[in-house]
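According to TrEMBL, the feature transmembrane segment maps to 23-47, 53-74, 86-107, 113-131, 197-216, 253-271, 292-317, 329-349. The annotation domain 'Palmitoyltransferase DHHC' is assigned in TrEMBL to 165-280.
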Amino acid sequence: MKKMVLLQLHDQDQRKMLAWSKLIGRGTISCISVLLTQFALFLVPLFFSASPILIQLILSALVLLVVMGFGGWCRRLLGFHASAPAFVFCCIFFVWGVYIAIVRQAISCIMDIMFNGEMIMLIIGLCRIMLKDPGYVAHESFSSDELDESSVLGVQTHNESSLLQMRVRYCKSCKTHVQGFDHHCPAFGNCIGQKNYVLFMVLLVGFITTETFYVVCSSQFASKFPALEEIRLETNFISIMARSTLLFSLLQVLWQGLFFIWHVYCICFNIRTEEWVNWKKYPEFQLNASSLPVLSLGTVLVCGCKVSIFSLAAHTFRDQLEGDDYSVRNIRCVTPILLLDIVTLILVIDRKKLKRQW
């Protein structure tokens, strides 16, 4: 009996050691990937120092795409696996290290305290969102048949339990059901669902703010140094390193800003990213286009009925106040028509103004 217990404990220890070794290996590969990526970005201001910042930014984006594609191909070829959260942490610490070693000397004390505080809050937020429950739903509480029927048939009732069932989605990465599932975020190593969506948005704003702050600090540092070709080698290396991290942060701000705008759009129309991408699975997001009548100005087609854009907006706002999670139906189909109607209305008004002037 004791031997069996000892064997079980030994097996558990081996599994823990194997898990830790895999985790350390993935973290090491992620760290190497960050160093190679930053080295590739370092080459852009090194060889194109006289080019405008826009040209360097475009070249940096191309270099990032090539390096990430080549790195992914090499990892698949060699059978190595990296960790996306470890990659994010390594990028944060790399930029923070460049700031402390190089950029900090040209920044005021107040800005230095603010930037370091933002970095600390960013790391704390990353740790929290990686460990926070996004809204996992036990498989026993929601049967897959019921979830499929509610998604396929579009059955709607006004009780809370059926409404929650309709918003529960399955994450293929985590292999579990998540309430209010938006998407699986590899960078955070967790699903984004009902319980951590607010934290996700706050963290996204934190990333954009911190990276914008670093761009400002790096610009101040660059303005206090002469042109790269007129200074000695040591200062040249320092300036190029500051410029390469500036380009990296600027690229992050650009795509994260678009990502933030997208999520604000989803919040305004009460829709999830997964629902937008896989809208064909859910009839409540589809438009019945069997017979499309000619619409008058200022109307859109919702569920085969003519609806004024103003009444649609009022209905949407009222239903959101009442807490109806599925108040905005067919929004994927309605939104382009709605925008086109608004543009047409503006053009007609401008044409009438021109006629009055003539």
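A Cβ is built for glycine as well, from the same backbone N, Cα and C atoms used for every other residue.
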Inset, instruction - Report the DSSP secondary-structure composition of the domain 'Palmitoyltransferase DHHC' (165-280) as helix, strand and coil residue counts. - result: 75 helix, 14 strand, 27 coil
Legend entry - Long-range neighbours of the transmembrane segment (86-107), counting only residues six or more past its ends (CB under 8 A): 26-27, 30-31, 33-35, 38, 115, 119, 122-123, 126, 187-188, 214, 217-218, 220-221, 224, 238, 241-242, 245, 248-249
